[in-house]
Amino acid sequence: MLVKMNPLVSVLHLYDVVNSPGVAADVGHMDTGAVVRGFLGQPQLESALTGMDLVIIPAGVPRKPGMTRDDLFRINAGIVRTLCEGVAKCCPHAIVNLISNPVNSTVPTAAEVFKKAGAYDPKRLLGVTNLDVLRANTFVVLTSFLVATEHQLGFIVMAEVLGIDPREVDVPVVGGHSGVTILPLLSQVKPACTFTTDEINYLTDRIQNGGTEVVEAYAAAKFADACLRGLRGDAGIMECSFVASQVTELPFFASKVRLGRAGAEEIFPLGPLSEHERFGLEKAKTELVESIHKGISFVRK
């Protein structure tokens with residue numbers, strides 16, 4: 001619904017293996033300009049993808065009780081492979097927003113699929129990690145006096161005390177999109193502010209383990225809007241994303257990028273890091289090596 005409401009969307013195709021025609025009918029009744037069509041199952045995948053400029057892939061299953069991360073990866077990577085094979089054939093120049101978890105592995109999987117098809121443009125494959133940024137922005141705003149008083153007074157909202165809106169806060173979040181690979185750069189928060197060691201530890205842990213405290217659908221729609229504005233040619237569109245990168249020695253890494261007509265047209269360096277952040281970066285890279293290898297091996301095996 002959030003994408004249907006976006007004035008930059010003229011045609012919206014919804015694809016799934018179940019229920020998509022009914023969902024498309026419901027969404028299509030919203031009084032906004034986008035034309036909505038529903039497509040159902042593998043036979044209609046190519047029709048759904050043909051002519052698209054932006055493809056958003058949230059497909060997959062959530063992690064369920066008793067399911068290991070490897071179980072989750074095998075299921076979702078198979079789905080991502082099928083969809084990306086369709087993208088490579090039907091809309092090879094589209095920008096792809098990949099949400100399917102685990103993003104640290106599914107983005108490398110998608111890259112290998114596009115390479116095999118001769119349709120790989122690293123600028124156009126974007127792992128959606130801005131949920132971590134939205135979560136960080138919100139939690140930073142909520143953190144005034146929080147560490148010292150949460151058990152006595154509950155959450156004290158800095159936004160109410162100082163008039164700060166979370167939308168005016170920018171916390172770069174780099175690394176990856178799960179657990180310790182999520183690295184908030186609290187030393188680079190804008191507007192500038194300082195935190196105690198306790199606050200840094202608390203915020204980092206909460207951002208890394210925030211679950212769905214910020215609705216993921218909103219984050220995905222916000223990132224899609226940024227990509228659409230980039231496609232339109234708007235200047236200064238900055239988001240954090242998990243992309244092919246030379247920021248570190250790893251082949252993929254999440255950091256701030258500038259979005260434009262070609263996708264991620266510029267990838268920004270990390271900038272100066274605190275001692276806490278340098279330590280966190282090394283932990284993140286150790287886990288990312290394994291996750292990236294898993295994603296690549298899924299296609300190459």
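Note: Cβ is positioned from N, Cα and C throughout, glycine not excepted.
Heads up, TrEMBL stuff is auto-annotated, nobody curated it.
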Out of N76, N130, which one does TrEMBL list together with D16, I99, S100, N101 for NAD(+)?
N76
Mean per-residue pLDDT in the domain 'Lactate/malate dehydrogenase C-terminal' (129-298) works out to 87
What DSSP reports for the domain 'Lactate/malate dehydrogenase N-terminal' (2-127) is 56 helix, 23 strand, 47 coil
Rank aside, I only need the closest one: which of the recorded positions R63, R69, R135, H177 has its C-alpha nearest to that of D16 (NAD(+) binding site)?
R63
Once the chains shown are all counted, how many other Cβ atoms turn up within 10 Å of the Cβ of R69 (substrate binding site)?
15
Around the C-beta of D16 (NAD(+) binding site), how many further C-beta atoms are within 10 angstroms, looking at every protein chain?
16
If you measure from the C-alpha of H177 (active site, proton acceptor), which of the binding-site residues R63, R69, N76, S100, R135 fall inside 10 Å?
none
Smallest number of other CB atoms within 10 Å: among the binding-site residues N76, S100, N101, that is N101
